[in-house]
Amino acid sequence: MTNSDKNRLKDKAFQVFGIFCTLIGLVVLAVFLIDILIKGLGRIDWEFLTSLPSRRAARAGILTAWAGTLWILVLTTIIAFPLGVSAGVYLEEYARKNRLSNFLEINISNLAGVPSIIYGLLGMEIFVRQMGLGGSLLSGALTLSLLILPIIIVTTREAIKAVPGSIRDGSYALGASKWQTVWNQVLPASFGGILTGIILALSRAVGEAAPLIVIGALAYVPFIPSSPLDEFTVLPIQIFNWTSRPQEAFLINAAAAIIMLLFITFLLNGIAVYLRNKQQKKIKW
Amino acid sequence: MAKNNIKLEAKNLNAYYGDFKALKDITISMEEKAVTAFIGPSGCGKSTFLRTLNRMNDYIDGFRTEGDILLDGKDIYDKNIRVDELRKEVGMVFQKPNPFPKTIFENVVYGLKIQGIKNKAHLEEAAEKSLRQTALWEEVKDKMHKSALALSGGQQQRLCIARALAISPSVILMDEPTSALDPISTAKIEELIYELKNDYTIVIVTHNMQQAGRVSDNTAFFYMGELIEFGKTKTIFTSPSNDRTQNYITGRFG
Ligand SMILES: Nc1ncnc2c1ncn2[C@@H]1O[C@H](COP(=O)(O)OP(=O)(O)OP(=O)(O)O)[C@@H](O)[C@H]1O
Ligand SMILES: [Mg+2]
């Protein structure tokens, strides 16, 4: 066997190995999805989506859970979007590059890696106790905002950084101020990237149970929250609650709720991918 | 060369990037409604000097100047000067065409819009006028609301010039405006510069000796941050008084 034959064999071997590795991930995901779908799909009907929680599995629904999730999604967006984008813009466009901004930069990246339950504890202390907001939607949204702020800041900065300096130069040279340049040139050009980052961050927030349990979100909420100060539950907590019951019927409920949660997450991710592709098509520098 | 008024002048100008002294004691005056060319080897400070003329270096951390730059006799680095006002007076065109990722129309009227001008008829009129000035109107009038990024490089550069003209500056700075363009586009831009000097004071950086010879009235030769020689372009190219100038323009170094 010649040397090049050997190399070709190695090449083939690695390809087979690579396909195998890829398949492991896919197969696990597929098995999981199929299992959940078989168990839960039959349980999803209009009544399941519109019923209040109940002690009796057959009558229980996820109305309050998905309403809570939707509330949380909206509130978290309202809080985290302006804060995160402003911070990102400030750090990238305004802050002078010195030790302080370096320090901030490193620590924001570090914050993105802090376990979510720690944010729950922080939210518990600040929002629930100090600010007296209790286990309300607002506490939950504020806590989740803290959790995803670092992600939004980092992705905002990346998106802004990708806007070429020549665009800024062009704007300044026409007499634009820094703010006008950011508002008219930098943000529009990076908006797709920023939005993608926010949506991915939100899809992470939607799946969180731990920090919300810590701040006192309840599994059993017999009404749809009507204001940000109401108590609430969310899909992940509902799922957690049902999976910890021994009865088979509740596990089926959990599977059905998981399908709904996955649906929301995939939807958000789909939107993010769509926006990114659209942006790439629109702007090629 | 007191044929014309002096529009722009630098007096004992030093410029620093941090500790690095990029411009050394530059004193030079640029005539009104004439073309002044800056030539010199790479890294000698041409762009740095050009960008001090409309204070584009303000955003670079650690950049500072000493000495004066006078526009119509007024120091542009004075505390009372507003940078945005200055840049309305002193426009700039860059080496690489840098149209905004917006429509052609939005590109041309950007400078007016950020001044708060909203009147549509006024904006359209201004856009047509500057596009005509740059001989671009016929080429783009049917696609004003299409992306400027779809234009050719040469068209993009003329669009960038039109964009600068739209806010009616009196000075236009150009940093190697044709170095990214093909010969035909280059010729068009040179022709344009020749037209524009009837109304505008133009300062152009170029690496192309023929170009400097063709378009400019006066030429300044820079070397390692110093202004070595400055005078009528004809004189600089036929009988320079400095050996380094002579060597540079005959292509012996640089
Ligand atoms: N932002 C900056 N920070 C630090 N030094 C810089 C910066 N910009 C330019 N310089 C330095 O200043 C000197 C002059 O640079 P400049 O860009 O003005 O040269 P130039 O004559 O325009 O060169 P070229 O013909 O290659 O464009 C160079 O030594 C360069 O390294
Ligand atoms: Mg240069």
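Cβ coordinates are placed from backbone N, Cα and C, and glycine is handled just like the others.
If you look up TrEMBL, you'll see A:66-272 marked as domain 'ABC transmembrane type-1'. Residues or ranges marked as transmembrane segment by TrEMBL: A:13-38, A:59-83, A:134-154, A:182-202, A:209-229, A:249-275.
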The transmembrane segment (A:13-38) vs the transmembrane segment (A:182-202): 3 or more CB pairs under 8 Å
no
What residues in the same chain, six or more past the boundaries of the transmembrane segment (A:182-202), come closer than 8 Å to it by Cβ-Cβ distance?
73, 76-77, 80-81, 84-85, 88-89, 93, 148, 151-152, 154-156, 158-160, 162-163, 167-168, 170-171, 176, 268-269, 271-272, 275-276, 278-280, 282-283
Could you tell me what the rest of the chain brings near the transmembrane segment (A:209-229), counting residues at least six beyond its ends with Cβ under 8 Å?
52-53, 63-64, 67-68, 71-72, 75, 116-117, 119-121, 123-124, 127-128, 133-141, 143-144, 147, 236-241
